[in-house]
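The purine D-ribonucleoside binding site annotation in Swiss-Prot covers H4, E180, M181, E182, S204, D205 and rests on similarity to another entry. What Swiss-Prot records for G20, R24, R43, R87, V88, G89, T90 is phosphate binding site, and it gives similarity to another entry as the kind of evidence. Residues or ranges marked as active site, proton donor by Swiss-Prot: D205. The annotation site 'Important for catalytic activity' is assigned in Swiss-Prot to R219 on the grounds of sequence analysis.
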Amino acid sequence: MSIHISAKPGEIADKILLPGDPLRAKFIAENFLEDAVCFNEVRNMFGYTGTYKGHRVSVMGTGMGIPSISIYAHELINEYGVKKLIRVGTAGSLNEDVHVRELVLAQAAATNSRMINIDWPEYDLPQIADFDLLDKAYHIAKELNMTTHVGNVLSSDSFYSPKLFSRNLELGQLGVKAVEMEAAALYYLGAKFGVQTLAIMTISDSLVNPEEDTTAEERQNTFTDMMKVGLETLIAE
């Protein structure tokens, strides 16, 4: 048992999906895992362990933002021995050619957060995905005929900021695919503790095409492509 997770030793698999929304974790457990058992309800951050195609897999919500995912990922890695962590979440498109419901695999994640700089004030460290997971996820998505983009994303500390909104659009002109709030922290912890990390996002809205949008219920229950890719990537040899 850790500070924020009530699981006992052995109740969490060494590979895990990390949606931001705890209700999406519940949805994944109920619709994709066999014999799923809930191992955490602390702060309503639901976590489950079950099997997917015969492989033991866990799924747990992380909440929104870099501080929240940092807490849960840190404890999963250091207290429960998790070795593969894949974020499955939503993002806003910054590119004209990246549309709602399409997938983005974050090759790297820039960030305006200063949290990583607490550890490394002298450097701006690049936060990158584990290449093995990235490569597997890309080929799995292609085999499943899913429209998939690979590139940089922005992990932002702010959701509502008119000033950052215009700056984020400029990042899109530099090829940044989308904006979200967690990937950079997950990648940093992967590098720090020597585990494999990847972020797979579904585009839920677009900053360049505002008419493209999805509802909260759709974001919770219908973005199944990234869930399939995430699970297949976790169990791929």
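Yeah, the Cβs are placed from backbone N, Cα and C, and that goes for glycine too.
Distribution of Swiss-Prot features across the structure.
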residue : record                               : contacts (Cβ under 8 Å, 6+ apart)
H4      : purine D-ribonucleoside binding site : V42, R43, M45, I71, Y72, E75
R87     : phosphate binding site               : L17, L18, P19, G20, T62, I69, E182, A183, L186, T197, L198, A199, I200, M201
V88     : phosphate binding site               : L17, L18, P19, R24, I28, I200, M201, T202, F223, M226, M227, G230
G89     : phosphate binding site               : L18, P19, G20, D21, E180, E182, A199, I200, M201, T202
M181    : purine D-ribonucleoside binding site : G20, M64, G65, I66, S155, S156, D157, F159
S204    : purine D-ribonucleoside binding site : T90, A91, G92, V100, D213, T214, E218, R219, F223
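Here the recorded positions are R24, R43, R219, and the one whose Cβ sees the fewest other Cβ atoms within 10 Å is R43. Binding-site extent for purine D-ribonucleoside: residues H4, E180, M181, E182, S204, D205, maximum pairwise Cα distance 31 Å (rounded to the nearest whole number). Counting neighbouring Cβ atoms within 10 Å of each of the binding-site residues (E180, E182, D205), the lowest count belongs to D205. Cβ-based neighbour count (10 Å, all protein chains) for G20 (phosphate binding site) stands at 21.
Reduced to three states, the DSSP call for R219 (site 'Important for catalytic activity') is helix.
In three-state terms derived from DSSP, G20 (phosphate binding site) belongs to neither a helical nor a strand segment and is classed as coil. Across the residues annotated as binding phosphate (G20, R24, R43, R87, V88, G89, T90), the widest Cα-Cα separation comes to 21 Å.
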